[in-house]
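Visitor: The structure follows.
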Amino acid sequence: MGARIAIMAGGTGGHVFPALAVAEQLRQLGLEPFWIGTRAGLEARLVPAHGLEIEWLTIEGLRGKGVKTVLRAPLRLTQALHEAAQILNRRDPAVVLGMGGFVAGPGGVVARLQGRPLVIHEQNRIPGLTNRWLAPWATQVFQAFADSFPAKRGAITVGNPVRASLTALLPPAGRWAERLATNAAVRLLVLGGSRGALALNTHIPRMLTELPELIRPQVWHQTGELTFDAARAAYAQAGVTARLVPFIDDMAEAYDWADVVICRAGALTISELAAVGLPAILIPFPHAVDDHQTSNAAVLTEVGAAYCVQERALAPQTLAARLAALLTDPCKRLEMATAARQLACPDAALRIAASCQALAN
């Protein structure tokens, strides 16, 4: 294998999945990626499943946390910096790549102190706290959206890395042709993010009861692990049949199946909707730091590829009316899907990996 590349990413799927896409490209370029993460994040399960070695840091996020977390932060940060230094000394990576999340902070700081090249990528339209801290010191800054960092940072806009299985899907017209010809029932995919969305789990079943049975869609709902039972109870109470799953590992299958998506507006979800071409109703998480999900949603709404409904305005009747307009208008669905796909950046992972390769050499 070639030079080692340390990948720092953790917490939610919005950081982990783009980093996995880059890791695959690094492997294809003959480099040797390894991971730095936490045992509490999604990476603890997904990274080993993808055949990557992972090293652990003891650290947790601060924003939105309680007083106890803030009080123990200096000790945890000191410990994490020490752990990061030990990992980088032992593994000796040629380049350190930060893909967001608080876990990237200690390794990014130590990398620059040790004189190692540091590459960072920001997935959201509004940069996260860790990347805002690291950007002035990074060797190279990548961003998914053109207006995320000030011009003085010299950030290169590449989009968000998505899995190759998504970019390999047929365009929407090709995916839908056979089912449109037979007037098949519309398929609704509901995504609450890797941790689920309680508001979607409770509102979607009630919304579906507001729709005339003639136009009710088939439903595949990803509920999140912790809120699966509550979602199942909500669907049972509403008397609505749906396929409920805590988590979807094969997103290519899910997107290939879907005609319309109702989901949060995480950066990765926005980029995946663009990559495959799907119309969406976006419901931003209202407590996201800096309300970044509303900014993410605007990427699609500004080009007519999605509708945005704020959670505070989320009523079953309102959502049903918005969805009904899409369920009954295949031309509108195709128009929105095509607009979304025009925003796709299928080479984002390769461009980031190639930059790491150049710095390693």
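From the backbone N, Cα and C atoms, a Cβ is placed for every residue, glycine too.
Just so you know, TrEMBL annotations are computer predictions that nobody has curated.
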Visitor: If TrEMBL says Thr12, Gly13, Gly14, Asn124, Arg163, Ile248, Gln293 bind UDP-N-acetyl-alpha-D-glucosamine, which of Ser194, Ser355 does it name for the same site?
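Guide: So the UDP-N-acetyl-alpha-D-glucosamine site in TrEMBL includes Thr12, Gly13, Gly14, Asn124, Arg163, Ile248, Gln293 plus, from the candidates Ser194, Ser355, Ser194.
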Visitor: Neighbour count first, Cβ atoms within 10 Å, every protein chain included; then name which of Gly13, Gly14 tops the list of binding-site residues.
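Guide: Ranked by Cβ atoms within 10 Å, first place goes to Gly14.
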Visitor: From the DSSP assignment alone, can you count helix, strand and coil residues within the domain 'Glycosyltransferase family 28 N-terminal' (5-142)?
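Guide: Helix (H, G, I), strand (E, B), coil: 66 helix, 25 strand, 47 coil.
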Visitor: Report the same-chain neighbours of Ser194 (UDP-N-acetyl-alpha-D-glucosamine binding site): residues 6+ apart in sequence with Cβ closer than 8 Å to its Cβ, ordered by sequence.
Guide: Thr12, Gly13, Gly14, Val16, Leu42, Gly224, Phe247
Visitor: For Arg163 (UDP-N-acetyl-alpha-D-glucosamine binding site), name the DSSP secondary structure in the helix/strand/coil scheme.
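Guide: It is coil.
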Visitor: Just going by other Cβ atoms within 10 Å, which of the binding-site residues Thr12, Asn124, Gln293 has the emptiest spot?
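Guide: The binding-site residues Thr12, Asn124, Gln293 were compared, and Thr12 has the fewest Cβ atoms within 10 Å.
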Visitor: Specify the secondary structure state of Ile248 (UDP-N-acetyl-alpha-D-glucosamine binding site) as given by DSSP, simplified to three classes.
Guide: coil
Visitor: List, in sequence order, the same-chain residues at least six positions removed whose CB sits under 8 Å from that of Arg163 (UDP-N-acetyl-alpha-D-glucosamine binding site)?
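Guide: For Arg163 (UDP-N-acetyl-alpha-D-glucosamine binding site), the qualifying residues are Phe17, Leu20, Ala21, Met251, Ala252.
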